[in-house]
């Protein structure tokens, strides 16, 4: 509260500054009104030239630029920016969040700062909440920008990279937060500079900024590749979960969305599985399957959190009510739901690239946003994004009547009252917008309305294709619209009908488009708009007389902002309107907290079920519940950010290194340092004991022989008098550098050798960098999963995560150096037009990318080389599914960028994606986010057979690691536990105790 007061202390001063800017624009408005279309368009070139001369800044140009946009909007859209919209545009340009009430024209406001900042030529991004709004705004608001000579682009999920790159090259680019974020991650997985699509992060305007930066910030963006195939455990635990009784065998805390198994439940599970101890180390993975199956049973409800269509589980976004097509929960949650619903269980995934929305948006040099509900989260915007919130006055006074909540004892009684209220309003011609919290409840209410004979439209996740059309008609006389939360954002509800929507629909029917036929579209626009305005004018007056739009909420949301967004649909631009919430003690929000106490009071007072109550106790309980949930969610978002700060610093280092390589940087000196550092690590490790007679020189020579063709004769060095570690290091470093010179000469003939080696360095370093980074992400995921347990040992989990994460990053960087050096000395290279050069490759690089040692060391045992987690590489690594034994060989490293030189590195040639990448984006709760599948084809993985099930049951024939060939560290453990070998029987600590 104190911080809120501090943040609001300067509001009056800021508003006075914004009002002064609006007055400046008004003073010069007539100067622009008198310009011809060509002269007005020519102002863009003049502004750019004045910027290029360096004598004026964007702030200096603001009044004139805003006046130009205001006039262009009047000529193209038939809309003139109000003074409060000019104020909002100035607030956005200055890097603030403009809080503007629903119906105040936020979309039109965005044209002002986007035009001004696009003059700098660095690109402007406009971020919306869904693809429909991005396409719509790019077309409609793009008319203003195109009229002024700017280019406008829009990105959507299925757009190919060349087209996507062209859209980013435009002056202004529209798209969703997920698309912008995933493009950033994909750019940092690119194989060549030609594949990059984004051109920097200059200025962004985020529409519905609270939804994107607050509601959706609990889940990071993740690109993942195929991991293991699903096992039978999902089906097994889907069978067991219904046998367990809530509050007896397990406990549920809905507020935190957690489940906890009790001793009774553990005994029942052990009995069902036929095992002695569920928490024995070999059975540890089963606990995760059990928890997910119980969450699927209790916390994920069909037709609320997801729907099942054509044998597929589709997530429903809690905040918008939309179906998130192709998206999936991560960490096995989606598979557990699929098993519960008895549909096909699809495979899990492993992280390849990730970033939180908080850290993505902090990449922008300047960030701004607009929404109707931001002041309640002003402190969070300030703390995390350094954004101020400026409440912009409404153009006309708000006259909406917000009625007090009414509370019923049961949900059935509540809906009966809702139907009666709707029927009465409909009979007198008042339009009604009903907000529900789930698909299930919207369809239940629709069924009740049909019984009552009330005509209505239903807008929920199953009918989102008609969203815009339904909402545009929701303000018509007597209209009744039942909608999930998706109705709250993006499309304006105008009393009597939306003339702009009607005009656009008419022009579309005539085959006109603002993109494809801009001249014909603009010529026909004014006539179509005026015709539509006349058609709705009379009806508008009738609806106003009936009381305006009536917004009826059937349940309170966890967040006050979501409730305010629903209320805000009524009373736009000074129109009459009314709102009311109907509640019951069975509502989700009430059940999360102490609704039982209120129910007890109603029972003692003998209040009938169909009689509502209006009590300060209930009002306080609701307010308290919402405040608690908002506080919990804020802590979740802060916690996500704290942990991602560790990854963000590491990600910045890796991505900067990749960009340097993609940019064609000369890595020669850096690779030379790699050679020296790797050799030094070998020598220091072998000579750590101090005295020469205690040095492990045999191991040193073996390791060096596997690294590069050693020229130093070992006996000569071993027998030297007065040998020191420093002398030994110097001799070997000189020898390694000379070997590198010879390697460069061997790869080319004369002047061609150097460019070939430089290209090889870039390819190898990029391939190793990508592989090691993927492995590191896997390790960091594993670390974060269990780091919370450190609190039991009185240690701060975050501090432990920071410390261990740094150590792991240092280890990864050393591994990048070592593997790069090994590959540069040993990998097979072929230049177009030459015979294939067989340069000391004893194993198949195309499979492992870990070459055998040179011939001189061919008989020495190969050192362990870190491998990619089984099936975890990008889709470019995907191969036809092979038997499990064959798949224990790790896949090849990431493809690397193509280059001007026709150089081919066996096992490292770039290949195009074949499918399998998945994208995790913000979802319905603070837990696992959904994953978007671009190509649904299966990737590599290990099918779970009967051996896996019998292993946990303790039956005869349980697979155990044998004494033969050891699996790769990241391959599935042969015991059938479902864990990686290195985390199961490959764990040295475990082997030592068995």
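Keep in mind that glycine also has a Cβ here, set from the backbone N, Cα and C atoms.
Lifted from Swiss-Prot, the feature list:
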{"type": "BINDING", "residues": "85, 103, 104, 105, 106, 107, 492", "note": "ATP binding site"}
{"type": "COMPBIAS", "residues": "868-888", "note": "compositional bias 'Low complexity'"}
{"type": "REGION", "residues": "868-994", "note": "region 'Disordered'"}
{"type": "COMPBIAS", "residues": "889-900", "note": "compositional bias 'Pro residues'"}
{"type": "BINDING", "residues": "973, 975, 984, 985", "note": "Zn(2+) binding site"}
{"type": "COMPBIAS", "residues": "984-994", "note": "compositional bias 'Basic and acidic residues'"}
Residues within 8 Å of the 85, 103, 104, 105, 106, 107, 492 Cβ centre (excluding the ATP site residues themselves): 100, 102, 108, 109
Sequence-distant neighbours of residue 104 (ATP binding site) in its chain (C-beta under 8 A, six or more apart): 84, 85, 88, 372, 392, 394, 395, 572, 573
Which of 85, 107, all binding-site residues, has a Cβ with the fewest other Cβ atoms inside 10 Å: 107
Entry from the binding-site residues list 103, 105 having the most other CB atoms no farther than 10 A: 103
